[in-house]
Amino acid sequence: MQRKEKHALFWGAGQLAIMAGGIIWFGGAGLIPLELQLYLCALCLTVGMAGYWSGTQFFIGKLRAYHVRWMLPVILTLSGFFYYLWHLNNAWLPPGSAAALGLVMLWGGSRLVSVNNRYRWLGLTLMLRGGFNLFSAASLSPDLYKVWFVGTSILKVLTMLGLIYAVQDEIQQRYARTIDSLSHGFLIRDRRGYIHVANERCAKLLGFNSAQELIGLHVCDLLPGLTREMADHYFFRFEADGAEYPIADTAIFKLRNGNHLPVELLGSPYVERGRLYCLVQLLDISERKKKDDLLYQAARVDPVTGYCNRHALSVRLTEEVKKAAAVGRECAVLFIDLDKFKRVNDSFGHAAGDELLRNAADSLHHLLRPTDVLARFGGDEFIIVIADLAPNSAEQMAIDCADAVIAAMAKGFELSYHAISVTASVGIACYPHHGADSDTLIRNADIAMYAAKKAGRGERRVFNDAMNAVAKNALAIDGALRDAIEANEFYLVYQAITNAHTGKLTKVEALLRWNSPLLGPMPPDRFIPVAEDSGMIIALGTWVLEQACRQVGLWKHSVLDDVTISINVSAWQLADPGFVTLVSQALIRNGLSPHQLELELTERVLIEDAANVQTVLAQLRALGVGISLDDFGTGYSSLSYLTQFHLNTLKIDRAFVMDIEHSERSNSLVHAIIAMGHSLGLQLVAEGVETAGQAAILEKMGCHYLQGYHISRPILADDLLHFAGDRAAPQAQPDFVI
Ligand SMILES: Nc1nc2c(ncn2[C@@H]2O[C@H](COP(=O)(O)O[C@H]3[C@@H](O)[C@H](n4cnc5c(=O)[nH]c(N)nc54)O[C@@H]3COP(=O)(O)O)[C@@H](O)[C@H]2O)c(=O)[nH]1
């Protein structure tokens, strides 16, 4: 029994004692000795009075520990007193008992009435009983005991009802206070959806003024978006076999006032008088939702552009593929890479780079329909998903979109401090032709983008299987390249470049070789492009520069004492801000004079980032290092480069040299290049000289240096030393014929 219900125990005990006294007095006559009968009746009366008194004290919260301690001595004393009185005249027993009890009841009733409204009814009935008892004691003759008995019985029933009402009301108040003090909403609904109980918090959450307003309403009256079917379905879940409670749900409620409320619902079953109810707790999760939304944003939105990030793209593309598969439609993935973006970052700083990305993303977004997806995939890479396309239309739609993308990028962007134009390379992969899932489509679009980039800037390519083979190959090379420097898998070979007139070996070109334990001997024209794509060419080029300079240092005081070494330099290396320092340190460390080093660049390197290259080349020239233009004639062959970049040497590509003996056109072309080189004061090296005839013609045309298999294949450093030694000997005159 709870602490609060002990009054019932006291009152009950008191009433029982009084009934026992009555039975002893009226029924015990002749059965037990009179003196004992009198004392037992006195004891029952005092226990009864004590029960009513302590029950009342307890009910109004005034029963103290010392009351309980003194209870027994008081009962014994008072019962002794009554026994003494009735021993004098036992006719005083019934009226005396009624009067004593009446006094206690009057006192108790008045206390209850004065203390709390809720106990008023109980108090009044007790007072009535008390008054009736006093009145009976004073006026009733034994003949009217029956009337007295009926009267007290009726009053006892009334007291009982008063007690039930008071206790029930108290329990209800306690229950109401408890649920109102809950920080979350609370309601009890029945099977049909009608609300029986709700707390104030629930009313406030749902936009009502008080909990009372909710009672009797149907849950559908609270939430405009809720249908009877939904409400029924919610209830059915409580009856389902194996249901685990509480049943938790989250939902966004549309309230009557138009607001939206994100809530968590915790539903538990509740049985009252054999009926199943649903007890629902409503937790306002607006704050939690805000945090979740922020986390969601962070997890799905690219912080620079505000569009989807890689993760969100994967989710959206997976959805689009699923949708397309379900209805036999298509979709397309465009992988877009901004050419030259790294240069923007390096030259103007990351703030400008970010601004460019934002601008580029916005212009891409303008090209799309609301159903399409734009995501920043990483660095300067964007992906567009064109969703929901008719069968056999995806490829053409993607091509049109790619053209629009390229055109939009080519328009250029007005950034805060700079106007920048970029080009974009676009790779296309379509569902279902080029992949059946998100990862495959993205990978294949990337492969196609790579092919577009290879074809030149501002190109687009649609994926095909041949591209895949190339990409797989590149992937294998890329993987093997990663640890190849540390594993010492690279070495250099040197190819002699001789004076066309005297045959003297004055220059050598250092050429990189890779003997991969995994892939076997790997020609540079296969692994250099992969290293360039991954950026590994910077580490590789640094290694070549150091090795080549170290080798020339080792050749000091030999027949190759004053030889000039040429090394190939890629665009990445030139864009590296530390490159000039790297070169000058390599020269100093290995004791080389700057003129002993010549850097070979291709025309492509020059045009990639003309402004930056010009600055770097000027610094290198100032250092005294030679600059040579490799493969001249195969690319743009622009005369303006020759003057603009202050080159020292022009290397005529072997494609012209190889036909020089038989093709009038090649012959005239080489002739023209040599004449032009002369007029610009450039040194001329003919590459790929394979025959004595070619050497003779070139020498006659005025070409200064010759390089090719006719003179020597690229060979190891020691072999080159022997080769040079042989060549320096007086008998080793050049064997070509003029
Ligand atoms: N960035 C770097 N690029 C490098 C480096 N080492 C090499 N390379 C580049 O790789 C391409 C292929 O080079 P390789 O296979 O070494 O071919 C060179 C010669 O072997 C070849 N050659 C020379 N003479 C002849 C000839 O008479 N016939 C013939 N068929 N081939 C010949 O030409 C290549 C040298 O070319 P080039 O550099 O243009 O002078 C090549 O593009 C290299 O540049 C490196 O360290 N870094």
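Using N, Cα and C of the backbone, Cβ positions are placed for all residues, glycine too.
TrEMBL entries are annotated by machine, without manual review.
Copied over from TrEMBL:
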TRANSMEM  9-30  transmembrane segment
TRANSMEM  36-55  transmembrane segment
TRANSMEM  67-86  transmembrane segment
TRANSMEM  92-109  transmembrane segment
TRANSMEM  147-167  transmembrane segment
DOMAIN    171-212  domain 'PAS'
DOMAIN    329-465  domain 'GGDEF'
DOMAIN    474-728  domain 'EAL'
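The average pLDDT computed over the domain 'PAS' (171-212) stands at 88. Beyond the ends of the transmembrane segment (9-30), by six or more residues, the same chain brings 1, 37, 40-41, 43-45, 47-52, 54-56, 58, 93-94, 97, 101, 156, 163 to within a C-beta distance below 8 angstroms of the stretch.
Listed as Cβ neighbours of the transmembrane segment (36-55) (distance under 8 Å, sequence separation of 6 or more from its ends, same chain) are residues 7-18, 20-21, 24-25, 28-29, 63, 67-68, 71, 74-75, 78-83, 86-87, 90, 93, 97, 100-101, 104-105, 107-108. Within the domain 'GGDEF' (329-465), the DSSP-based counts of helix, strand and coil residues read 60 helix, 41 strand, 36 coil. In the domain 'PAS' (171-212), the DSSP tally of helix, strand and coil residues is 19 helix, 10 strand, 13 coil.
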